[in-house]
Amino acid sequence: MGRGKIEIKRIENSSNRQVTYSKRRNGIMKKAKEISVLCDAQVSVIIFASSGKMHEFCTPSTTLVDMLDQYHKLSGKRLWDAKHEHLDNEINRVKKENDSMQIELRHLKGEDISTLNHKELMMLEEALENGITTLKAKQMEFVRMMRKHNEMMEEENQNLLFKLRQMHLDPMDENVMETQGVYDHQGVADYEAHQMPFAFRVQPMQPNLQERF
């Protein structure tokens, strides 16, 4: 006997509803894959569970975006609102600006300039001259900074050398002063030792006077 017909309505029991969702979702995905392979069809399936979780399938030979664009063209229905259209226009504008900048960059490199007219070449030359002037100014600024940095480093090195000399010379100065004091004291003693003492003796004017007394 076959299964009884199931009434299509919301399943109230949450557990039964989740089990049924999982089984039917897998069945739909399986059928989508089969028809994509068997019939060479482009198939895209997107399923959102009540919990918000998304499941999707898309034919490997295409993308969901391409399929949505094709749907938009064939159905004539608006898939995007004004906000999204404005965003799309902004993206296209940025792409055009990027392409224009790429062309200008090639021209600055000297590439693809054969199609430029005289006015465009003059503008290109002016842009290059301005760029060179700015580059030289930046180089000079860099040189000045390097010189200032070197001067500061040289001054710092001189200060360090001075402090280093002071650290080595201070003990030597004390030793020199002590040695000099010893030498000075010893010099005075030597001087006193080598000096002849002065002796005074009265000699009579007449030697015979001593005999008389």
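Each Cβ is built from the backbone N, Cα and C atoms, and glycine gets one as well.
TrEMBL has this to say about the protein:
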- 1-61: domain 'MADS-box' (DOMAIN)
- 84-111: coiled coil (COILED)
- 84-170: domain 'K-box' (DOMAIN)
Folded-back contacts onto the coiled coil (84-111), same chain, C-beta under 8 angstroms, at least six residues removed: 124, 127-128, 131
Model confidence over the domain 'MADS-box' (1-61), averaged pLDDT: 90
Composition by DSSP (helix, strand, coil) of residues within the domain 'K-box' (84-170): 78 helix, 0 strand, 9 coil
Structural state census, the domain 'MADS-box' (1-61) (DSSP three-state): 25 helix, 10 strand, 26 coil
